[in-house]
Amino acid sequence: MGPVIIPSILLWHLFFSGSTILEGVNAQVNGWVNAHATFYGADQSPFSLGGACGYDNTFHAGFGANTAALSGALFREGEACGACYQLRCDYRADPKWCLRRASVTITATNFCPSNNNGGWCNPPRHHFDMSMPAFLRIAREGNEGIVPVLYRRVPCRRRGGVRFTLKGQSSFNLVMISNVGGSGNVKAAWIRGSRTRTWLPMHRNWGVNWQSTVDLRNQRLSFKLTLVDGKTMEFLNVVPSTWKFGQTFASPRQFY
């Protein structure tokens, strides 16, 4: 199958293998971590909330409307972009506004800066500033404040393959990597042209946009990605030699 062109507390689970890291002062119980949530973008299309991760449109990126901005303790300078979290409102802590036994899985697509939302996004707090559709999956309508939540990292389940959107100009290649399954967030990326013998390392420009400064025009392009959980996959010749800046190409391959 060829490429498809698409029009324009203390511990939390980092990897699904069970390894843990120290992060923040948020209590963990049975794999769920305490945090808080608000919502934003009530007057905006939820698909436009790509924000600090650099997604032009979260629907085209494969994430739909269930997205959120993360506080700095979770965002980690963009490394969390594309990661998936399952959230449920803490009904025991706030039975008035929490929906009982309701949960939603969101994708991290934005950054909630410090001194925003009354300081709830300040380090070391874990906070989710959710799209309104996602927020109303777990909290009652009419609540315009903040609710206590429990969250955990979960694998991302995506439709179709990983997508590569080509930006930049001349020898400056800026590639937006989206619709990534598995852990969802990319740790390292490489690019290779059809006339290039070796993989060329790319560098995170911002969010999910990765850059290289080698002129690869009029070449077939391949990519290699390593996710935060350590899984690596090659996407060979996913972009034809006739590519142009502004186009998006979907690979048939996907992380699980």
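The first residue you see is number 1, and the count goes up from there.
Using N, Cα and C of the backbone, Cβ positions are placed for all residues, glycine too.
What TrEMBL says about a protein is an automatic prediction, not a curated fact.
According to TrEMBL:
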- 1-27: signal peptide (SIGNAL)
- 50-161: domain 'Expansin-like EG45' (DOMAIN)
- 171-251: domain 'Expansin-like CBD' (DOMAIN)
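Residue counts for the domain 'Expansin-like EG45' (50-161) under DSSP, helix first, then strand, then coil, are 17 helix, 35 strand, 60 coil. Mean pLDDT, taken over the domain 'Expansin-like EG45' (50-161), works out to 90 on the 0 to 100 scale.
Taken through DSSP, the domain 'Expansin-like CBD' (171-251) splits into 0 helix, 44 strand, 37 coil.
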